Each structure stands twice: as structure tokens, then as C-alpha cells.
Amino acid sequence: MESTPPPHRPFAVPPIQRLQSPARNRRVRHSLNESFSFGPQSLVNSSLLSAGTRSPTITRQQALALDPNASLLYTSPRFHKRTKKTASTLPPEHDVFSASQGTATVPNTQEEDEGEDLDWGPVDRMRLWRHDAMMQHLHETAAFWGDKILSWTNDPNDAFWLAQIYFMMHRYARAERILTRPFPLPDSKPPEKSVHTNGNPASQPPAFPSLASTSMYPINEQPSMWKGKGKEEVLTLDPLDEDEDASRLVDMSVACRYLAAQCLVSQGKWAEAVEMLGESNPFKGTARSGPTFANNDGGLKVEASMCHLRGVLMLKLNRTDRAKECFMEALALDVKCFDAFEHLVGGEMMTADEEWEFVQGLAYRDQTPEDADFVKLIYVSRLKKYKHIEEQAEARRRLVEDYRLMDNPDILHAFADALYVQFRWQDCYTITSRILDLVVIHAPTMPLYIACMYHLPHLHSKLFMRAHEMVDREPEAAITWYAVGMWYLTSKKWGEARKYFSKTSLMDPRFAPAWIAFGHTFALEGEHDHAVTAYSTAARLFQGSHLPLMFVGMEHLQLSNLALADEALKAAHIMCNQDPLLMNELGVLAFHRREYPQAVDSFSKALSLAEMDQSSELVWTTTYVNLGTSYRKIGHLEKAKECYEKVLNIDPRMTAALSLLGIVYHMLGNLDRAIDLYHEALSIHQMDSHALNLLNLALDANAEMAPFARKGGVPGGEEAWARNVRSRKGVPIPNESIGDSSNVSMGADVSMSSV
């Protein structure tokens, strides 16, 4: 029985233009065990060389592959005009397709003449299989045929797409190997032996295409492998040895280097990924880079994607400031890079002022002139809602009326976020429910939706059901366990809630609501020192939000550490001076320092900001109480009475307001009215010791004071009346503390999602 004959090598090897390496002047030779740098500088210098040369040997495809300002659209799978059907001219020993199968055809496109049949070679057919398998998520099938294509063609473009398939299959090490292994390159000289298929020697094949300059199917005017009239052009499959010239795919294309870095990140190799991308943008300052350079094909710049990935790496390495710079650079280079925007805004990396200035200064007109207004409006609608309220409302209005996005989840989320900042939880819940009717899960909306159910007592049972549903549906999502923790928070099971918030932060360290809620569990339990530690960690991780610093200041107030409270609250005020909640806390600090006029100013400003935001008055009853108490401390009893009466108009059953209003009447000498108010407060809360002490004092004073004092007051005002009481009883009026603001500030921003 005859043995299998060795394979023939009759096919021509097309040449490829070699770009000079910046690290050495000789041609590169690699072996499999040779160590070499993965730094991007050689790629940068090659890009500069291709940009500055006019050599005809450097093809347009090679220049595109080395252009950081390009996108990957020129590598996208698409059909192109084919030649008419011809018979296969492969040598019999290499024609693995049966002649009875015929040639594949596809429906004519607009670029093709009607009625014209198309010729598909074997490689073209397999590229079609590979692409169709990818679209149907049959990744094993795509990898199987892609591997055979690469073995036949040794084309870097086919290697790139095979690496893409392995990346989709989470086989990151295998994809990285394809992209970083030494790749055999054909010699620059024409081959001495060319293919003879129909009796005539084949003409010299065109230059070898640069990586990712062809698509899954050959595009534009590039010749197709294994097809044509009277000739075939297929790369040889020479084994890689130490004596053969080679180059890595990451040195041939920006897209390849970016994909290789993604593989390293997915494997947890942070240091190697940083080396692959570079500590900073290697293309910065070159002739092809900059925010004012538009992408010619209308896609996303690979350079911007690399900057974004560099920012992700810096977050992994806990270099938050550097990550912020990388994300800002990515968005500046390409305003369409929403991932960078989401990290900056959704990740609380920028303050309200920084967000506004940065978004307003992006080069929308230079990069996408047709869609500049739309992109800018979308970004403005996602910013923090504490400042530029009117501009953001106008942006939302235009997105709904001009662009007809009234049912888009992202636009509805912008409305819900604005309502949440105004503490209009019922309205916010209505909109978030509408969003979840449209889409089952919407990541930015879920923290708002859960927080609204926490704040509305009649929805606690719905929160319980929603948490169970999320555990069954998405147990691997961080937001799922955040919902479970919020349910335990409603039940006042602080320890259980803390356990699930901790689990959430471990699953997603950049999930801000979990960190804030984790601190709340300590604060509500009375563990103020632990709460300060938790809030301080959140302040370090989310440097663009003022809420963690504000909560740190509140805990120091509880511990009577006024100096530390002042430091934290002032730092928060520098970051955001338009938050009424923060102004309330500054007023509490001034009150504890006995700086009552300053406290009045802070509380008044808090209420003015709340009115500007159209917030619900019910939420700010505590601030009205605080303002009234501050007025009483400086002797403005009538103004204090107005504040307390306004609170009772909003909430007639608020015992603190009833007791404090009774004190005002008590100080004005109207003891009968004061006694009535104390009784009313005790009828609502029978165990209110503060109101009980005030009632006993008023009854004693009422029994001993002269009739004229009970009816018309004591001449000389409050001090004369107080001295009269002290001289008769020796017992002063209890010095009540200011109304506790924790009802507003501790529960208002549990989700942190409205920042």
C-alpha cells in the first residue's frame, strides 16, 4: 500500500512591505523562546513612518492598520463585487472540495449587475461560514472553520478574526497567543517559482495585505484567495523556525494590539496589559492624533478605545486619578466613546462642575458634525442634577420633542434621576416602573427603583418580591444582592443588610450605592466610628461625589467632633454648593457651635434650594423645624412661630413641631396655648419625655403666676418672664436640642444613584 505523498508547495508567496523597527535597524528575527518587549513604541514609529512616506510599496491597507485615528469598520464583514462564476483551478491534490458541489452564490447586491452569478472560492466560502457562525453564536463552529482558513492562507486578517472568535469564547490565552506569537512573513522579493495553472505563468501577486485591512470577505478591489480566471494565489504554509523572518501581529496593527491588551486584562495580567498599551497614550502629540481629527469612516477611533482600556487598567491598579485622566482623554479623542463617559459620570469620578465644563468643551462639531447636537444633549441629560437644572431640563425636553425619544429607557432614566434628587419618590417610582416595563433590567435605573421602594413604606412588600425575582433571574449581578440588602434595611436588620451590601461591593467594587448603604447600616445601628470608616472609603473611591464626605461630617456631629465635622462638611460644600441637604447639615453644625445667625442663613438657603428644585415640602419639615429653633435662639419668636406653624400645616401630627411651638407660646407667656400643644403632642406620642417635662413645667408655672402674666404676658419680654419663673420655682425651661436632621439626610440618598 502506497504511503501518502508529501504535500506539494507550488503556490506563490506574495511579498509584504516591511516597516523599519524603531528599536533596531536590522530585520527582526524571532524564535519561539526569544524574549521581546511588548511595548507599543515600535508600533508608534511604524505608524509615523507610514504617515510620512509616499512609498508605493506601503499600501493603503497597511496605513489603515497602523492609523490610530481609524476605526475597525474597514475590517467589518461585508460582500463586495465578485467576478463571474469560473471553474475551480486548484490542483487536484489540493482541491479538498468536490467538483459536484459547484461554487457558492449569494443574492446580488446593489453594487452588482442584475442576473450576474458570483464566483466563490473555497476560502471565501469558509469565511462566509465563519461569519455566519459568529452571527448565530456558534463560536465552536466559527473557530473550527476559522482555524482551517488560517492554516491555508496564513493571512494576518484571518488570524485577527480567529483571535476575535477565541475572545468571544473566553479563550483569552489562545487569542493572545495568536496575536503575540512571531508570525512568518514572506520575502520582499518576488518568488522564483510561480503558479502554472493554465499553461501560463501567473503574474506576480499583489502585496500581502496588512492586518485587519481586509474583512472576513475581501473588500473593495482586493483579489480573492482561491478564485479567479486561470490562476490561483494562496499563501504557503511554511513551518516557523528560528531562521525565518517574523513579526508579531501586535506590531502590524493598532487593532491587534488593542485586542491583545483586552485578552491580558481578561486574564488578570494587569502589568502585562499596561506594557502592551503603554503607561500613557503613545500616539499623543503625533500628526494623526487629537480631538480635532475626525474619523474618516465615521466609526470609533481605536486610539480612544485604547485610552479607555488603559483607564480600566488603572482602576484595577487602584490608580484612580490616572484612570480619570485616561477616560477623559478617551472621550476627548472620540465623543462617541460612551464607555469612557459612563466611567466618568456613572463612576462618580468628576464633580458637578467638572462634568459640566468637560462635557461642554468636547469637540462635537469636529468629530461628528451631523450628530453633534444629539450627542451633546444625551450627555447633558446624564449629568448630576444639582446644578444647571434649567439647561438639563431643556435637554430632556428637546430629546423628547425633537428626537422623539419619549419611551427610550435612558431618557426616562434622566427624568427619574431628576425626580429622585428632588425627593419625589412616588413620581420617580412611577417612571422607573415604566422603564422596567420596557426592559427587564436597566442598570442605571435599578438603584433608583430599589431606593424608591425603600423610602415608600407601602412598597416594602414589593421590594421583597422584586429581590426574590432578581435572585432567581440574575444571581451573578451585583445589583441583585444590593436589592436583598435593601430589603433587610427596611426590616431594620442591620447585620443582615450589611452582609449583602458587603457582598455587592465585592462583586462590583465600583458600585457606589452599596458602599453608601454599607455605611448607613453602621450609622443606623449607632456604630458611628465604623460608619465614618465606611464613608471615608467611599469618599476615596468616588472622588466626584460629595455625599460620602457629607455623611462623614454627620457622623462626627453625632460624636460631637465639631472640628472634624466642619472639615468634612466644608470639603463636601466645595464639591457641591447647591445641595439643600448639605446646607441643612452646615446649619446643624453652626447651631451646635452656638453660631445661631449663621445657622439661620444655612437653613434658609437649604429651603431656598429645595424650593428651586421643586422638592416635596414634606421632606423638608425637619429643616423648617431647625430654622424655627434657630430663630427662637436669637429671640425672633414670631418668625419661629411661623416656621413651626408651617410644619404643622404640612404634617399636623409631627410631635417635635407641636412641642417646639408650645415652647414659643410658653416663652411668650401664653401658657394656656402652650399646655394645649403639649397635650396634643403627648396624645400622638405618649412616651415623649421631652413634651412631658415641658407640660409639667407649664402647669406649675400656670398655677403660680399672677393672672396678668397668664393673660397678657410679663412686661420686659422673655428674659423677665424667665427670671420670674426661676425665682418662683427654681427650675428653668428645658433647653431642647435642635430638631434631628437625620430623618432627611440619612434616608434621602441611600442609593447614591441620584448623584
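Note that Cβ sites are derived from N, Cα and C of the backbone, with glycine treated the same way.
Not measured: the values here are computed from a predicted model.
Here TrEMBL gives region 'Disordered' for one range in the set 36-59, 708-731, 732-755: that range is 732-755. Long-range contacts of the repeat 'TPR' (478-511) within the same chain, counting only residues at least 6 positions beyond its ends with a Cβ under 8 Å from a Cβ of the stretch, are 315, 347, 441, 443, 446-447, 450-451, 453-454, 460, 463-464, 466-467, 470-471, 517-518, 520-522, 524-525, 541, 750. Restricting the average to the repeat 'TPR' (580-613) gives a pLDDT of 92.
Across the repeat 'TPR' (655-688), DSSP classifies residues as 27 helix, 0 strand, 7 coil.
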